[in-house]
Amino acid sequence: MQNYIFDSHCHIQNSSIDDTDRDTIRNELFLPNDYTIAIVNKIKSLPLNSIGMMGTSIEDSIRMANMIDLLDDDSSIKVYYGFGIHPWFCENTVKTHPDWKEQLENLLIKYPKATIGECGLDKVARNRTTKKIFSMPIQTDIFEFQFQLAAKYKRPIVIHSVKTVGKIFEYIKKQLSISIDNIPPKIMFHSYCGSPDITKSLLNLSPIRERLYFGLSYLVNSRIKSNEENLKLIPKDRIMIETDFHEIDDVPEFIGKIHDLLRSFDCLKSVDDLYKLTYDNAYNFFN
């Protein structure tokens, strides 16, 4: 194991084993016990110190909870986790889980170490079958409920935002104007791709500036031109690296790729150990 490597955002609870199709897994509420054990054993074998596994639906979060129960505290890898409803699965959640609010809240009560996430808003994602863009009103209702849960239970929240960082900024600003108690203790924007202007606006929310964290992944940020300008604005102790990957076997390669991408920026070349910096930041976020 290499020292101080933390993949702060992944979905490897959905990793395929042998020829099992990941989409089939995603539709199952309970996985066969031998499959769950196989995933847990693969997670334990990762050459990382820590990971943050994020749920994306009620089904996904319940399956992940079953895996968490099998992970020992003395495992060679520390697993942090979040339960949440991703914007891509909001419409299906409303249709298939009329009691989704109660189910999500009950998971948070049962697992006091859980964060909330992945949740958020996505302006461009489409339903694979209908090709229609997912309903923004439904996404908004579900995101705002999860944000409020995070504030209520004082849990960190992990936010997915595609072309909606401005909308989320306005929501946070509105909640802050009502009461600082309406704001979760930590907020992570994962695979962050907001403009430098909106980054400045977020960091100018002085009462909660210290609560904001920004994750970057090779999958998304290798295509973003504003990375370095954003990284000049973001305090170094708020930068996290992630893979956003589902397949366990791909995690070591892509955590290395995002590390190397960040290392290539002039504003981070002075950092002696970028892995250690981002490890400490992720540790502080999840704890």
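Every residue gets a Cβ built from N, Cα and C, even glycine.
Every protein chain shown contributes to the tally, and the Cβ of D244 (divalent metal cation 1 binding site) ends up with 23 other Cβ atoms within 10 Å. The divalent metal cation 1 binding site annotation in TrEMBL covers H9, H11, E118, D244.
Over all protein chains present, the Cβ of H190 (divalent metal cation 2 binding site) has 24 other Cβ atoms lying within 10 Å. Look at TrEMBL and you will find H160, H190 tagged as divalent metal cation 2 binding site.
Here the Cβ of H11 (divalent metal cation 1 binding site) has 21 other Cβ atoms within 10 Å, regardless of which shown protein chain they belong to. H190 (divalent metal cation 2 binding site) sits 9 Å from E118 (divalent metal cation 1 binding site), taking the C-alpha atoms as the reference points. If you measure from the Cα atom of H160 (divalent metal cation 2 binding site) to that of E118 (divalent metal cation 1 binding site), you get 7 Å.
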